[in-house]
Amino acid sequence: MTGSVELSGLRLSNPLMLASGTWGFGETLSPEILRSVGALVTKGISLEPRAGNPPPRLSETPCGLLNSIGLENPGLAAFRKGILPRLLRIGPPVIVNILGESEEEFLRLAEGLRETGVAGLEVNISCPNVKKGGLAFSQDPDGVFRMVRRLREVWPGWMSVKLSPVGPVAEVAHAAEEGGASALTCANTYPALAIHPGPKGPYFHLGGLSGPAIKPLTLRLVYELSRRLRRPLIACGGILSGRDAYEYLLAGARAFQVGTATLLDPEAPRRILSELDELSRAD
Ligand SMILES: Cc1cc2nc3c(=O)[nH]c(=O)nc-3n(C[C@H](O)[C@H](O)[C@H](O)COP(=O)(O)O)c2cc1C
């Protein structure tokens, strides 16, 4: 289970991928850890730089992490010039997570990443579509179908669509597959709220919940989607141990991403792989 995997033509030396937004651009992880993973999925990249949300951006909850980073990133041009060459030199395939506020923005991002050496795209559809009054792409199966089909025209390479875990998930997954996605990443964070007391009254922190709290929820999604879809599923949600990863593989995922665990412990990816290896040997 820790050997190489093939996902619609993308070969990984092992099934563990670093999840978007949770490992920066590798600054805080050792080169050995970065080299040991199956793939590196970058944080979301937009056409123009984004400053993100003001602090606080992270709230700890009893068994999860709530974030409202606001998709801070340097924008496509700075990413291509200043960051991507370094990521490509590390070794594992680099998958760029892209985010846009319109179909056109996604298309321009895909065009801008052609012939850069990246192994594929991960399309983050959990962003609001300004042309639909701010309705997230992930809530609109027809819109997802149209966008993925148009992306296919400009991006012939590998492309995973990263699902939101809320809304018409099965319909959206089907639409992405029909539009031509190579794989589906299941899933992003869950909308959540933390309330903090403060000197001026309670502070309401809205954000996306990740970590152990979401694992049983996303595990079920993976289980149900894997029975309906033809394309490989990449599981993502609350994997902290080899056992968690093992369960996702049993549920039908072909590969998995580790997010919050790496924020908590930079050694987590290597530990998870070795625990998974032990579990699969015991089988
Ligand atoms: C601090 C933080 C930043 C994130 N940034 C992104 C992002 O830029 N794009 C994206 O698609 N997902 C982003 N995510 C979601 C993760 O990639 C992952 O889908 C989610 O955290 C669930 O996995 P986990 O429970 O293993 O963390 C982010 C998550 C966190 C905690």
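Glycine is no exception: its Cβ is also placed from the backbone N, Cα and C atoms.
From the candidate list Asn67, Asn97, the residue TrEMBL records in the FMN site shared with Ser20, Lys43, Gly44, Asn124, Lys162, Gly211, Gly237, Gly238, Gly259, Thr260 is Asn97.
Cys127 (active site, nucleophile) sits 10 Å from Gly70 (substrate binding site), counting Cα to Cα. Predicted-model confidence for the domain 'Dihydroorotate dehydrogenase catalytic' (5-278) is 96, expressed as mean pLDDT. Contact annotation for recorded positions (Ser68, Gly70, Cys127, Gly238, Thr260) versus ligand 1: Gly238, Thr260, each with CB under 6 Å from a ligand atom.
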